[in-house]
Each structure stands twice: as structure tokens, then as C-alpha cells.
Amino acid sequence: MRLILLGAPGAGKGTQANFIKEKFGIPQISTGDMLRAAVKAGTPLGVEAKGYMDAGKLVPDALIIGLVKERLKESDCANGYLFDGFPRTIAQADAMKEAGVAIDYVLEIDVPFSEIIERMSGRRTHPASGRTYHVKFNPPKVEGHDDVTGEPLIQRDDDKEETVKKRLEVYEAQTKPLITYYGDWAQRGEENGLKAPQYRKISGLGTVDEIRERAFDALK
């Protein structure tokens, strides 16, 4: 099972990624984790990546693809792997294809932006403990206060509506085109000797268990 998980920020990809990893016994490939591990290990690619990171620059796609290929050679990837948050752009998807990185499925978790804004902007956090609430779905006993300590809850900057909207705008511009990219490739079939992935789209609305069952059904 070699899989790319797509969906907007707040669509619930992280939760479903954990279920998929456990069911199929595959690792989640995070480019952030890979970069940190390569830098820490001092590999040639890691040293090169560190130069860009220290200068505050984006690590080039070619270098990230090099790290991906190294990571996929490790024994835990023998049964497959799950990409979450990569590729983010058409250029990265093209680079993966050119590098011969095989993908069986592209699974999109679809949630309307209005729902994501409500989900994320309604979150409230107790800073000292990390306990989280939601003004609609999981409200505290006393509005605006932690259930245990009674201390005030805050809204993190990341959860503010204007921040959520900006993240969704970036997703719309950069990552959403991948849905068309993989959907079109699935229809065209094999390219450059690389089998086209099957494209699946599921609704991310409902309970966590309902969405999990949809995901598993889509990957049969």
C-alpha cells in the first residue's frame, strides 16, 4: 500500500493517517521529519539541506526527492508507505514521477471550507495543560474556562479565523491543483513505465469512525 493523502488543513488527515498506518503496517513519510533526521545524522543530503535551512531558504524539491528515495529504501517501507503533506505542489509531484516513486492510491479527504473554518476557529486551549475544547462540539462546562482549574481558555493564533482562511487560500492555490493532476493521470494510465495511481475521494464529514470506514473501503 503506497499512498498519498490529500486534503485541506483541518480536514482530519492526521487522524486518518494513523488509522491507515496501523491497518496496513506502513510508515508515515513526513518530509519535515526526514529533513531533521538527515541533518542530525549528517548525511551528505542532510548537510546540503542544512545549508538552505540555516540561510532561511526553502530546501529545493530535487534535494527533498533525494531524501524521499533514501527513506523509501529503509526496511519499514517494504510493505508500502504513506505520504501526508507531500507533494504540496505540481512541481514536487512531477519530480516524484520522474524519480520513479511508485504510488498505488491518492486518497482525498474532502471537507467544505466553511466546515473547516468552523472546526478550527472554534478551538479553545488551556495553555498550562494543553487541554483543548471546542465552543460547539466539545464546550467547557463554564464558557471560556477550563473544566479542571477554572482558568481562562485562549484561542491560539493558528486557530483564529483570519489565519485559517489564509492557510486555506495557500492550499487552494498550491495543493488543490494536485487533485486534478492525479485525477487526470489516473484516467491516462501508465506513464514513463510508472503505473498510474488510483484516485479516490471521500467525504471528511461525520464521526471519526465513519470517515475511517470510508477510507478503508476506498482503499480496497
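All positions are counted from 1 along the displayed chain.
Glycine is no exception: its Cβ is also placed from the backbone N, Cα and C atoms.
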Residue from Arg36, Arg123, Arg188 that Swiss-Prot also lists as binding ATP with Gly10, Ala11, Gly12, Lys13, Gly14, Thr15, Thr132, Tyr133, Gly206:
Arg123
The annotated region 'NMP' range in Swiss-Prot, which must be one of 30-59, 90-119:
30-59
What's the CA-CA gap between Arg123 (ATP binding site) and Lys57 (AMP binding site) in angstrom, rounded?
32
Among Lys57, Arg88, Arg123, Arg156 [binding-site residues], residue with fewest other Cβ within 10 Å:
Lys57
I'd like the number of other C-beta atoms within 10 A of the C-beta of Phe86 (AMP binding site), please.
19
Fewest-neighbour residue among binding-site residues, criterion Cβ within 10 Å, set Gly10, Gly14:
Gly14
Any idea what the Cα distance is from Tyr133 (ATP binding site) over to Arg156 (AMP binding site), rounded to a whole Å?
12
So what sits near Thr31 (AMP binding site) in its own chain, CB-to-CB under 8 Å and at least six residues off in sequence?
Ile64, Leu67, Val68, Gly85, Phe86
